[in-house]
Amino acid sequence: MRISLTIGHVLVLVALIVAGLGPIVWLALAAISPTQDLIRGPFSFFSSGVVQWENLGIAWERGRIGHYLTNTAILAAGSVVTTLLVSTTAAFVITVLRPRWGKLLSGAILATLFIPGIVSLVPLYLTVRELPILGFSLIDTWWAVWLPAGATAFNVLIISRFLEAIPADLYEAARIDGAGPLRILWSIVLPLARPILGVVGLLTVVASWKDYLWPLLVLPTPDNQPVSVALPRLAEQTELSVQMAALFLSLIIPVALFLIFQRQFLRGASMAGGVKG
């Protein structure tokens, strides 16, 4: 019974490895295969005996994958900054300062989690197209992606839950010593909240990296678009093997980030489950 159980565990583990790594390995092989081999069948790699390493160079230079990856990195970095700034400040106000209207604000933030993103898409686009009071447009600027990224209720909630675990005596002692809200935020909250801020930053990078619809709407100029928007357009202009090479190049960075920060990703997933539960 023990042997069969061990074999079962091994089979399940092998199946999970194949399911997880199989698509990545397939894409890596397709990226250096000739187009005619890919047309013959999904697993007809190198059936003609040719390995086309130049597919990667063509995708990088002619497809401008490097340029679009740079755009994606800039958009992700800006989204992280705005998300951490807005989410940390909001969580600090709700959890530490506790104003009279704090519970109402927290409830309003929680309620937005039940609104599908597609419902707010049109109002958000109209707002970005012509900012209220200011009257100018953010369309075709990176601010159109950065600013909405900061208004993420989920990040506010998980940071708030983390701050609630910090002993209130620390805040009271700081107030007795004459520290104001900004001093408490800078000297106590931010140093202690580094773990959760790192998790939120990583989750924001992943969300920004894979976002497609919103950048497609607010960044109509190709030179400003991220790689997620550029890849479908590239598919119409290049042959199949170069498309696979472009997809593989765009996949390297997210996979590398996960391998480097997998503990933080798993911690973020557990926190996400705790908040949603």
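Just so you know, glycine gets a Cβ as well, placed from its N, Cα and C.
No curator has checked TrEMBL annotations; they are predicted automatically.
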For this session: State the residue range annotated as transmembrane segment by TrEMBL; the candidates are 12-30, 145-163.
Result: 145-163
Problem set entry | Same-chain residue ranges lying at least 6 outside the transmembrane segment (145-163) that approach it to Cβ under 8 Å | 75, 78-79, 81-83, 85-88, 90-92, 94-96, 106, 109-110, 112-113, 124, 128, 138, 189, 193, 195-197, 199-200, 203-204, 207-208, 211, 214-215, 218-219, 271-272, 274-275
